[in-house]
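Novice: Got a structure here, written out as structure tokens. Questions coming.
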Amino acid sequence: MLIAGIFMKNVGLFSVDGAYEDIVIHLREIALSCILIKAGLGLDAAALLKLSFVVLRLALLPCLAESTGAAIASHFILGFPWLWGLLLGFILSAVSPAVVVPTLLELKENGYGNDKSISTLVIAASSVDDIAAISMFGVLLGCLFSEGDLTSKIVQGPLELLIGVVWGLVMGLALACFPHREDKYVVSKRSILLGGVCTLAVLGSQVIDKAGAGPLGCVITAFMAGVCWKMQGWSNDYNPVADVFAFTWKMLEITLFGLIGTEIDLWVMDIKIIFAGVIVLLVGLSFRIVACCIALIGANLTLKEVLFVNLAWLPKATVQAALAPVALNLVKNSNMEGTPDYSYASSILTIAVLSILITAPLGAIGITYGGTRLLHKSQLQPSR
């Protein structure tokens, strides 16, 4: 759909103008809310409490390293200010659960890597990796688009962090009480309320000039609601609200990727941005690989298994598709077209699209075929 969107835009079959541009922006924000809800509901509180130091290292070190590497490269190659470089870095640093999780689960079902729980290790770390990247993205977004002097901008990030956390905790607890768990239409009501509250967080935070609070508040709301619902009888295997948003995302994903493709105008794109973007992406991935190897020291993994984890850490797709247009939308809403900020935001979108086109297929192929060659296959217990 991404390629289809690019094609339709550049052959003149699709164009977004006037009032339709606002509709497209809101569709993207709704899709962003959906992927954030999925991320929040996908976090297992019990598993997080039991996470080993290795998983925490694997979740945070590569994320921070890739963000730093991409920020340094974009600063010196593209001339990005440091905050814009870090914003790009945290967009690129999130792994794609849509690519990673299904392929890893298939390997797990076939017995590959089960002796050392490698699939479980990577899936657990990927959730935390995404939350860290999304949260830092929100904080940096707030710092970039806040108005005022330097002091107010410094305060803006922590303030938005606090607002997001408080909103998430309060709304998550409220969703545990309303509707009542014995309500006949509890699944429908919980789904509608959760979707409404999280969409309100994302849209409302922009209205009050606290754009960074929205994504974080959305994730924490979904996480807190999910924890409370599990305490009321649901489980990791039975969460119908999560199924609702998984289905919703399948529909929105098509729309989101297609609409992102329509933002890429090949006729006005500077070829230097493409080559520079590829270099920035490769530098960031190099930093990630080194950090991943360091994070796995002491994890009792062989060299082949470490190589596989690095392959599993490559794919980028859903998170990049959801986050990349946000800065450009804010710039457009602020009537800043033609300014350096517009150029930075457009370049970020272009580089994010490149990261999807390059890493998503390579990562999926690497996990699928690399897993069968790099991981030990355990003997599966016959079903009774």
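Glycine too: its Cβ is placed from the backbone N, Cα and C atoms.
According to TrEMBL, the feature domain 'Cation/H+ exchanger transmembrane' maps to 2-359. Annotated transmembrane segment per TrEMBL: 84-105, 117-141, 161-179, 191-207, 213-229, 241-261, 273-299, 306-328, 348-369, in sequence order.
I'd like these features described in context: how deep, what's nearby, how far apart.
Specialist: Counting same-chain residues at least six beyond the ends of the transmembrane segment (84-105), those with a Cβ under 8 angstroms from any Cβ of the stretch are 38-39, 42, 62-64, 66-75, 119, 122-123, 126-127, 129-130, 133-134, 136-137, 140-141, 144, 253, 280-281, 284, 288, 312-320, 323-324, 327, 341, 344, 347-348, 351-352, 355, 360, 363-364, 367-368, 371.
Sequence-distant contacts of the transmembrane segment (117-141), counting only residues of its own chain at least 6 positions beyond either end whose CB sits under 8 Å from a CB of the stretch, comprise 36, 39, 42-44, 47-48, 51, 54-56, 58-60, 62-64, 67, 83, 86-87, 90-91, 93-95, 97, 100-101, 104-105, 107-108, 157, 160-161, 164, 211-216, 219, 299, 301, 305, 308-309, 312-313, 319, 323, 326-327, 330, 375.
Within the chain, the transmembrane segment (213-229) has long-range Cβ neighbours (under 8 A, six or more residues past its boundaries) at 32-33, 36-41, 43, 45, 131, 134-135, 137-139, 142, 160-161, 163-165, 167-169, 171-173, 175-176, 181, 190, 194, 197-198, 201-206, 239, 241-242.
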Novice: Please give the sequence-distant neighbours of the transmembrane segment (273-299): residues at least 6 beyond its ends with Cβ less than 8 Å from one of its Cβ atoms.
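Specialist: Cβ under 8 Å, 6 or more out: 54, 57-58, 61-70, 72-74, 77-78, 88-89, 92-93, 121, 306, 309-310, 313-314, 347, 350-351, 354-355, 358-359.
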Novice: Are there residues at least 6 beyond the ends of the transmembrane segment (348-369) whose Cβ is under 8 Å from a Cβ of it, and what are they?
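Specialist: Sequence-remote neighbours of the transmembrane segment (348-369) are 2-3, 6, 84, 87-88, 91-92, 96, 99-100, 103-104, 106-107, 260-261, 263-264, 269, 273-274, 277-278, 280-281, 285, 308, 311-312, 314-317, 320-321, 323-325, 327-328.
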Novice: Sequence-remote contacts (6 or more beyond its ends) of the transmembrane segment (306-328), Cβ cut-off under 8 Å?
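Specialist: For the transmembrane segment (306-328), the far contacts come to 2, 25, 28-29, 31-32, 35-36, 58, 62, 87, 91-92, 94-100, 104, 113, 118, 121-122, 130, 133-134, 137, 141, 144, 211, 253, 256-257, 259-260, 263, 285, 288-289, 292-293, 296, 342, 344-346, 348-349, 352-353, 355-356, 359-360, 362-364, 366-367, 370-371, 374-375.
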Novice: Give residue numbers and ranges for long-range contacts of the transmembrane segment (191-207): same chain, 6 or more residues beyond its ends, CB-CB under 8 A.
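Specialist: Those are 26, 29-30, 32-34, 36-37, 160, 163-164, 167-168, 171, 175, 178-179, 213-215, 217-218, 221-222, 225, 241, 244-245, 248, 330, 333, in sequence order.
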